[in-house]
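Asker: I have a structure I would like to understand better, so I am pasting it below and will then ask my questions one at a time.
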Amino acid sequence: MTTLFIADLHLSILRPDITECFLTFMRDEASQAEALYVLGDLFEFWIGDDDNSPFHSSIKEAFMALTQAGVACYFIQGNRDFLLGKRFCKDTGITLLPETAVIDLYGVPTVILHGDTLCTMDEKYQEFRKTVHKPWLQAIFNRIPLFIRRKIVSHVQSKIRAQKQTKQMNIMDVTPQEVITVLENNHVIQMIHGHTHRPNIHQHSTMNGSATRIVLGDWYTQGSILVCTPNGNTLTTREF
Ligand code: LP5
Ligand code: MN
């Protein structure tokens, strides 16, 4: 019995090495698992479910093969694929979860999330997030022709990139008090998230006792997978 977690792959046509590692993982490993959880930022940027490029179709086919083989696949949106929605789920058989979800991981109630909402000191990002999550703005954006949406995204990305360079590293990590609040509000002592690209296993003191926080790694230089079994959880890597 195995449950797998991945996040922050940032798949794009510009990085065939990541895509190949991901497709091999899906075919050889995920297909043998009980469940696969993708905790956001699967894509470098997801512009909308109507983007049917051959590249995106090949990723969707990999999920479809998995769900058809009986592997349960779950997805939580990240800050780069917050526009991934119902149509993607219908095309692949995956289940979209809310931004914070509680699951039973081999008897341990566990809160899972992308992780961006834990970075409360990054006020500019949280403001930006609030804006792009407005349903009315997303509805308008989804009606804009695909090629214009692409231009808007690359324009905003290039503006933001410069801003990000000036941010202090510590504000781009989670706020410890926010971690404790989320653990306590969800009545759990285990959390799994990505986003910060700082893979590690941390302990936190909560009013319910000592809690474990597992941070998933990104896929910039290697595949990063959290492998969970009834006997324990292991952060692992796969060479490109
Ligand atoms: O992912 P990572 O680690 O690189 O950076 C994130 C945060 N950055 C982002 C930005 C997205 O990756 C790119 C978004 C392109 C959006 C296109 C617009 C689509 C419109 C859709 C409308 C429904 O998520 C980064 C964090 C970092 O994580 C660590 O947590 O710091 O945040 C930023 O850099 C954001 C800036 O701080 C704030 C930018 C404000 C710019 C205002 C532009 C307004 C655009 C409004 C769109 C209509
Ligand atoms: Mn992220």
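Note: Cβ is positioned from N, Cα and C throughout, glycine not excepted.
Whatever TrEMBL says is automated annotation, not expert-curated.
Owing to the predicted nature of the structure, the values given are computational and were not obtained by experimental measurement.
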Asker: Among ASP49, ASP50, ASP122, which residue does TrEMBL annotate as binding substrate at the site that also has ASN79, ARG80, LYS164, LYS167, HIS195?
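Answerer: Candidate listed by TrEMBL for the same site: ASP122.
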Asker: Looking at the Mn(2+) 1 binding annotation from TrEMBL, with ASP8, HIS10, ASP41 already listed, which candidate in HIS197, HIS202, HIS204 is the matching residue?
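Answerer: Matched candidate out of HIS197, HIS202, HIS204, per TrEMBL for Mn(2+) 1 with ASP8, HIS10, ASP41: HIS197.
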Asker: Considering the Mn(2+) 2 binding residues ASP41, ASN79, HIS195 given in TrEMBL, which of HIS56, HIS114, HIS155 is annotated for that site as well?
Answerer: HIS114
Asker: Tell me which of the binding-site residues ASP8, ASP41, HIS114, HIS195, HIS197 ends up closest to ARG80 (substrate binding site) in space, Cα to Cα.
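Answerer: Looking at Cα distances from ARG80 (substrate binding site), the smallest one goes to ASP41.
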Asker: What's the CA-CA gap between LYS167 (substrate binding site) and ASP8 (Mn(2+) 1 binding site) in angstrom, rounded?
Answerer: 20
Asker: Just the binding-site residues from ASP8, HIS114, HIS197 whose C-beta lies under 6 Å from any atom of ligand 1, please, or none if there are none.
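Answerer: Once distances to ligand 1 are taken from each Cβ, none falls under 6 Å.
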